[in-house]
Amino acid sequence: MSALRRKFGDDYQVVTTSSSGSGLQPQGPGQDPQQQLVPKKKRQRFVDKNGRCNVQHGNLGSETSRYLSDLFTTLVDLKWRWNLFIFILTYTVAWLFMASMWWVIAYTRGDLNKAHVGNYTPCVANVYNFPSAFLFFIETEATIGYGYRYITDKCPEGIILFLFQSILGSIVDAFLIGCMFIKMSQPKKRAETLMFSEHAVISMRDGKLTLMFRVGNLRNSHMVSAQIRCKLLKSRQTPEGEFLPLDQLELDVGFSTGADQLFLVSPLTICHVIDAKSPFYDLSQRSMQTEQFEIVVILEGIVETTGMTCQARTSYTEDEVLWGHRFFPVISLEEGFFKVDYSQFHATFEVPTPPYSVKEQEEMLLMSSPLIAPAITNSKERHNSVECLDGLDDITTKLPSKLQKITGREDFPKKLLRMSSTTSEKAYSLGDLPMKLQRISSVPGNSEEKLVSKTTKMLSDPMSQSVADLPPKLQKMAGGAARMEGNLPAKLRKMNSDRFT
């Protein structure tokens, strides 16, 4: 046991599967030691609750030079303490360097020794040492302009250095101040006022098992073109043996219906319907205790005040998905406005929810349905079956009456009577019946008794049927056939009568 704990960590516990229980239970001293041991190790988050991704890039080697090619983005991505350090260090070095250049010019011209001579014109007036040169640079760079130190026209090198100082100072100011401004106005801070519920829930909604979580906007300013996406991160192994530690699957949160486009004025509940296309098709309350997955939620939109794109992220592990729960309502109608109570934003309550997966529910629904004969959905198969029945009728009508009774044609009405009387057989469709019965049953006003009586007459001895029992059209055809028979010669009429006798 100690070896297992060293391997899997302190989160390891011995669990057993029980056929009558609801899931996995810790193994007690009185239980069977032969039962299966399933180590349960806590999953390492890929995305924290605050949206930070737990990814560290290592062993880059020579690829680190790519960061210098995009120096501005590199500085913006640094933490604030490093930004402030670089900001102060850059200005300090630039000031000391330029002050040293002014001191070097004064030293090479001999202004430091001749500054107090009455008729001598120095390069920079009143610069006697390095501190005075540093103060002159600060007055020039910051455009303070006290007027006590100034450049004279007897120093061309000072004029060139002054131009270089102005250009370099403008570049440094634009780079560092721009970097600080971009970092302060980053839309990451806008994401701090976008809330996600602490837990996701699974319960029934509109008769379907649904995964739900809640999002909210704390500010009065809106998120323009807000869109939400969900990713399922789960490790799996391909049939070829390749192991994928972070396989990403898309969760449908309303792409086809447009429900992923949010009007985020008040808290909204995001829904993912679990169906045959969902990765959670096999997920049940019991299997959640052994599954390991992470649901990453990404909310994107444009900040109304700045026009910059903002993205907020969070994630839910299998331990943060509550089965059989529902969110408390947070919106109430007040006098002339709607009030949102954020104290109930994360609150949930239990609701009756089947503990089975959608796949298991569909299988149980099929098992509980009455046994029905397989319907012939193919038109070709239905046509062939009708032809077989017609051929069987032709064969039996040619037999003598005694053989017709032996073939069991009298038993057909009883079977049809049982089919029409039992309630469990009401699932039969008209496509499962012969074409003759379909035409009879499709006539309005034909009840089950009439259908059985007509079926009995149709399946009885055809020689006993009279013309009066036939429909009007068939009666006309039969009458026309009789008239045609009367017009035949005597020899043909005799042959026709001999054929039927």
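The first residue you see is number 1, and the count goes up from there.
Cβ coordinates come from backbone N, Cα and C, glycine included.
Look at Swiss-Prot and you will find 1-80 (among others) tagged as topological domain 'Cytoplasmic'.
Swiss-Prot lists 1-40 with the feature region 'Disordered'.
Here Swiss-Prot flags 106-129 (among others) as topological domain 'Extracellular'. Residues of the same chain lying 6 or more positions beyond the ends of the topological domain 'Extracellular' (106-129) and with a Cβ under 8 Å from any Cβ of it are 136, 148-152, 154-155, 157-158.
Residues or ranges marked as N-linked glycosylation site in Swiss-Prot (evidence: experimental evidence): ASN119. All protein chains shown were included, and the count of other CB atoms within 10 Å of the CB of ASN119 (N-linked glycosylation site) stands at 5. ASN119 (N-linked glycosylation site) falls within neither a helix nor a strand when secondary structure is assigned with DSSP, and so counts as coil.
Across the range of the motif 'Selectivity filter' (143-148), the DSSP-based residue counts are 0 helix, 0 strand, 6 coil. Annotation source Swiss-Prot lists motif 'Selectivity filter' at 143-148.
Annotated topological domain 'Extracellular' per Swiss-Prot: 149-157 (among others), in sequence order, evidence recorded as similarity to another entry. Here the topological domain 'Extracellular' (149-157) has Cβ contacts under 8 Å with residues 105, 109, 121-127, 132, 135-136, 139 of the same chain, all six or more residues outside its ends.
Residues or ranges marked as topological domain 'Cytoplasmic' by Swiss-Prot on the basis of similarity to another entry: 180-501 (among others).
Annotation source Swiss-Prot lists region 'Polyphosphoinositide (PIP2)-binding' at 182-209. Residue counts for the region 'Polyphosphoinositide (PIP2)-binding' (182-209) under DSSP, split into helix (H, G, I), strand (E, B) and coil, are 7 helix, 11 strand, 10 coil.
Swiss-Prot lists SER385 (among others) with the feature phosphoserine.
Summarising the annotation, Swiss-Prot assigns phosphoserine to SER424 (among others).
For the topological domain 'Extracellular' (149-157), the DSSP-based tally of helix, strand and coil residues reads 2 helix, 1 strand, 6 coil.
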